[in-house]
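According to TrEMBL, the protein carries these features:
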type	residues	note
BINDING	K84	ATP binding site
COILED	429-456	coiled coil
COMPBIAS	1-12	compositional bias 'Basic and acidic residues'
COMPBIAS	233-252	compositional bias 'Low complexity'
DOMAIN	55-393	domain 'Protein kinase'
REGION	1-48	region 'Disordered'
REGION	213-252	region 'Disordered'
Amino acid sequence: MDATDTNERDPLLDADTLLGDSSDGDEDEHLDAEAFPDHGAGQGPAQGPAQIGRFVVLQRLGEGGMGVVYAAYDNELDRKLAIKLVRPERAAADTRVRVKREAKAMARLSHPNVVHVYEVGEFEEQIYVAMEFVTGPTLGAWVRGLEPPGSPPAHSSREPRWQTILEVYIQAGRGLEAAHAAGIVHRDFKPENAILGEDGRVRVLDFGIARGTAAPAREPGPHPATASASGLGSEPASATSGASSSVGSSSGVIVRSGDSAEALPEDLHAAGLLETAVATDQTDPLSTPLTMTGAWVGTPAYMSPEQFRGHDIDARSDQFGFAVALYEALYDQRPFAGKNPTALMNNVVGGKILPAPPGSEVPHWLRAHLLRALSVVPGRRWPNMTQLLDALEDNPERRRRRRRRRLAIAGASLLVLSGLGGFANDQWRRAQQAEEARIRAQAEEARAQRAEAEASAARD
């Protein structure tokens with residue numbers, strides 16, 4: 001199997017693609033669905049099909065490493081959707097089987113926090129995947145639109161910034177939780193792979209590089225790397241063309257797009273270690289998706305230690321990436337420092353987490369939960385996403401407020417009951433006194449009657 005086909009990033013459900021990512025890497029943070037032309041036959045893009053199966057193509061949204069995404073209309077069910085069409089040159093037999101298998105796995109997964117796959121089929125010897133059309137910003141764009149940390153709320157009744165972020169991210173976490181329950185690991189969760197829809201619901205996207213949990217985490221090419229683990233901290237050979245540099249690891253070399261293959265040592269060519277990833281953000285090398293030969297595609301800023309090392313990974317790696325993304329949103333900085341992938345990797349595998357910024361409003365209990373999810377050793381993280389999310393939802397301060405509220409209600413109820421009891425006691429005493437007075441009056445009347453009878457008898 002060709003290594004490039006095996007390791008090529010396939011943004012099957014890529015937020016950048018669904019949101020209309022342009023070829024120059026600029027991201028549309030919000031896609032207005034009303035901007036599409038009215039649906040009807042023959043209104044497809046000039047350089048694309050007018051119709052894919054029964055779906056009428058409305059507009060080309062963007063493209064990724066594996067194909068093109070279109071906005072389309074389903075005449076039968078009267079709904080707008082997105083269609084991913086795999087490129088003909090990418091539709092090799094093994095790729096077709098893999099894409100179909102993964103898309104069908106996603107189609108079986110029905111959860112409100114996962115973008116829904118409606119249909120998988122073939123069109124002119126190409127695979128297409130019809131999926132839910134979502135309008136809204138990515139979580140990254142949404143967080144950037146919030147007030148910066150430390151800003152006072154505009155209204156005193158508004159919940160704190162960290163609480164708003166936490167509630168939104170928990171939705172994304174529930175999407176990952178559902179995928180894990182279905183045996184699917186995302187492997188590249190990041191803020192740009194989740195969309196906050198206009199309906200207020202978060203959907204997790206881009207399961208294109210996901211694999212079943214039973215699958216191995218590595219599919220080495222014909223010449224897998226055998227560098228020792230001690231090489232994790234060594235500086236790799238630098239690329240003289242462009243600002244990017246390759247990254248050494250225990251399982252291979254990462255090469256960002258823009259690196260010059262000719263500038264790298266010849267032994268890397270001979271070992272078959274060079275891969276090129278599609279860059280989505282040329283301004284931030286840590287947010288650029290990478291291809292690591294002998295391992296998996298990932299985004300360095302959100303990759304787990306086991307991903308950097310090229311080890312087998314499971315759902316706990318998604319938990320790590322989720323914790324990095326949530327940490328970044330809460331603190332406005334990532335948990336691990338590093339101006340380039342090499343420095344970042346060393347800090348991640350070394351567990352060197354940055355301290356919280358001074359004056360941070362993020363509570364200590366929340367930070368403690370995130371630090372556990374960011375453990376270097378997967379076995380020290382939360383056992384699963386469910387337990388992590390349940391812990392994040394269990395806000396001790398809210399619990400204390402609820403307890404105080406319950407105590408206040410119980411106290412008020414006791415006072416009411418006490419008042420009612422006093423009133424009842426007073427009423428009983430009054431009734432008792434009235435009854436005693438009635439009995440006394442009856443006795444007096446009886447004595448008077450007897451006295452009158454006796455007097456009458458004496459006169460007779």
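Cβ coordinates come from backbone N, Cα and C, glycine included.
DSSP classifies the residue listed as 'ATP binding site' as strand under the three-state reduction. The average pLDDT for the coiled coil (429-456) in the predicted structure is 84.
The Cβ of K84 (ATP binding site) has 29 neighbouring Cβ atoms from other residues within 10 Å, across all protein chains displayed.
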